[in-house]
Amino acid sequence: SIPTDATLDLDEQISQLMQCKPLSEQQVRALCEKAKEILMDESNVQPVKSPVTICGDIHGQFHDLAELFRIGGMCPDTNYLFMGDYVDRGYYSVETVTLLVGLKVRYPQRITILRGNHESRQITQVYGFYDECLRKYGNANVWKYFTDLFDYLPLTALVESEIFCLHGGLSPSIETLDNIRNFDRVQEVPHGGPMCDLLWSDPDDRCGWGISPRGAGYTFGQDISNQFNHSNSLKLISRAHQLVMDGYNWAHEAKGGTIFSAPNYCYRCGNMASILEVDDCRNHTFIQFEPAPRRGEPDVTRRTPDYFL
């Protein structure tokens, strides 16, 4: 575990971040180095114990992440599992991702952070994180530290051997969790193939595999979910990646759930957000929340394309 002076240092950084104040470039660099050491030891299918609170996309909506912690409890009092998409689109990607990585370094056993499709060099150059780093630091170094770190994030997690958690969805190239365990994940998100599918695919009402309108990943039907759950002794697939107006929805006869944790997404969608609490007995409860009160959003024009709205 971390020596006391380092711990005090980190605690100070976390409380600074909780006030939505970014760290210095040097602090971010050191933090990412420590985080990399921790993440290197985690599996592509990272085991997680209950009780745990499972969260979906945050997308740089820092004040709503603070609201999530207010409702769900602060780390380390509550164990958390975040399913990716910390950056892009919102105005505070830097503060959001730095806080989550800071919590990971401080409480590695209490928080699990997975990779989303936005935790990629290519996507962040289009949807805002790269530009935000330039604006806040005057150069791209912080963007580079984080995007290098993103390559080490686990792709999926398994809660108590029965709830399979990941950002996007299933892949026609993956039949078992062991298939996923055998990937080399330390790379930029590929344009196709199984690793890409885990971060990009979506459940669908139609059976079988379908072409995804997103241009990456696949759509998959209830028959596919059932087969995967059966082959891997799973009760539930929990994922994020899609805006849902109630903050959550069930698909595939409650064998699959979507969790979205960015309320009033892009500051204009009017949706609720939710988190999923899994207790010691593995009962699960969705908790909905609304946006945190806004105190003067920066006036940033939206020039980024909306690839799914």
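Cβ coordinates come from backbone N, Cα and C, glycine included.
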Residue among ASP9, ASP11, ASP85 sharing the Mn(2+) 1 site, where Swiss-Prot lists ASP57, HIS59 as binders: ASP85
Env. residues of Mn(2+) 1 site, Cβ within 8 Å of mean position of ASP57, HIS59, ASP85 Cβ: GLY56, ILE58, GLY60, GLY84, TYR86, VAL87, ASP88, ARG89, GLY116, HIS118, ALA240, PHE260, SER261, ALA262
Other same-chain residues whose Cβ falls within 8 Å of the Cβ centroid of ASP85, ASN117, HIS167, HIS241, the recorded Mn(2+) 2 site, in sequence order: ASP57, MET83, GLY84, GLY116, HIS118, GLY168, LEU199, TRP200, ALA240
Listed recorded positions among ASN117, HIS118, HIS167 whose Cα sits within 10 Å of HIS59 (Mn(2+) 1 binding site): HIS118
Pairwise CA distance, ASP85 (Mn(2+) 1 binding site) versus HIS167 (Mn(2+) 2 binding site), rounded so that it is a whole Å: 8
Alpha-carbon distance [ASP57 (Mn(2+) 1 binding site); HIS167 (Mn(2+) 2 binding site)] in Å: 8
